[in-house]
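Notes follow the structure.
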Amino acid sequence: MKQFSAKFALALSAAAGQALAASTQGISEDLYNRLVEMATISQAAYANMCNIPSTITVGEKIYNAQTDINGWVLRDDSTKEIITVFRGTGSDTNLQLDTNYTLTPFSTFSECSGCEVHGGYFIGWSSVQDQVMSLVKEQADQYPDYTLTVTGHSLGASMATLAAAQLSGTYDNITLYTFGEPRSGNEAFASYMNDKFTATSADTTKYFRVTHSNDGIPNLPPAEQGYVHGGVEYWSVDPYSAQNTYVCTGDEVQCCEAQGGQGVNDAHTTYFGMTSGACTW
């Protein structure tokens with residue numbers, strides 16, 4: 001096992017070197033700390049928002065019994081932001097959504113012309129859409145000078161992406177952070193997200209798609225089925241740090257997706273040392 005681990009580490013190091021040629025290694029400590037904070041919130045969603053920063057007020061819960069979609073609308077008065085977070089896969093019901101790869105018209109949001117999204121996640125989003133829009137509006141009306149943030153891990157990452165897209169039709173001040181996000185839609189959807197969230201470069205992006213090592217979930221659903229990633233990828237390589245975070249723009253297969261990870265693996269469940277729902281950070 002140690003020999004295998006050593007070989008894998010060498011292979012990953014070599015792959016990181018190749019990615020460096022096409023990407024930028026290292027981000028600012030401020031941005032790194034921000035990504036860690038959002039990862040903390042996303043991982044805490046698996047365990048009823050445990051151990052989140054003390055500045056955050058936990059508000060109303062988002063929930064639908066038929067789809068088992070869970071989330072919360074939070075508020076951080078220290079940063080003046082309203083945060084919507086979605087839990088990742090936590091049940092067999094969620095797994096049924098995960099494996100429904102049929103591309104489906106994004107019919108709840110007509111502004112996204114030609115957009116098709118993951119069929120299972122669209123079912124999930126449709127089941128909580130009214131709740132989310134209502135709860136966010138309630139907070140935004142009460143705190144009009146606050147910005148909006150949407151985040152989530154795994155299934156929750158794709159839910160966050162669909163939510164951010166829909167919210168973008170009403171609000172301009174949205175930032176999206178996803179962790180271990182599956183491919184959420186087709187090329188038209190990715191293009192819409194990149195345009196709306198200025199994700200054509202790391203200097204302007206408001207769509208931070210964070211990946212880790214050889215996380216296998218960002219490789220799903222297969223690109224061959226018409227799926228395309230959006231956002232600017234921030235690829236975290238162990239040992240995790242600001243310096244070991246790569247900024248990957250352009251071809252999505254040059255960083256995490258090039259590592260050959262398959263499905264749910266250790267790299268998927270743990271981001272920046274925090275394991276989904278463990279609450280040990």
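Quick reminder: no glycine exception, Cβ is built from N, Cα and C everywhere.
Feature annotations, reproduced from Swiss-Prot:
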ACT_SITE  Ser154  active site, nucleophile
ACT_SITE  Asp215  active site, charge relay system
ACT_SITE  His268  active site, charge relay system
BINDING   Asp98, Tyr101, His268  substrate binding site
DISULFID  Cys50-Cys279  disulfide bond
DISULFID  Cys112-Cys115  disulfide bond
DISULFID  Cys248-Cys255  disulfide bond
CARBOHYD  Asn100  N-linked glycosylation site
CARBOHYD  Asn173  N-linked glycosylation site
SIGNAL    1-21  signal peptide
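Distance noted between the C-alpha atoms of Cys255 (disulfide bond) and His268 (active site, charge relay system) is 15 Å. Per the record's binding annotation for substrate, residues Asp98, Tyr101, His268 show a top Cα-Cα distance of 19 Å.
Same-chain residues at least 6 positions away in sequence with a Cβ under 8 Å from that of Ser154 (active site, nucleophile) are, in sequence order, Gly88, Thr89, Phe179, Gly180, Glu181, Pro182, Ile217, His268, Ser276.
Note on Asp98 (substrate binding site): other Cβ atoms within 10 Å of its Cβ, all shown chains, come to 21. A Cα-Cα distance of 29 Å separates Asn173 (N-linked glycosylation site) from Asp98 (substrate binding site). Its Cβ taken as reference, Cys112 (disulfide bond) is surrounded by 24 other Cβ atoms within 10 Å in the chains shown. Spacing of Cys279 (disulfide bond) relative to Asp215 (active site, charge relay system) is 21 Å (Cα to Cα, whole number). A sphere of 10 angstroms centred on the C-beta of Cys255 (disulfide bond) encloses 26 other C-beta atoms.
A strand conformation is recorded for Cys248 (disulfide bond) in the three-state DSSP classification. The recorded positions shown are Cys50, Cys112, Cys115, Asp215, Cys248; of these, the one with its CA atom nearest the CA of Asp98 (substrate binding site) is Asp215.
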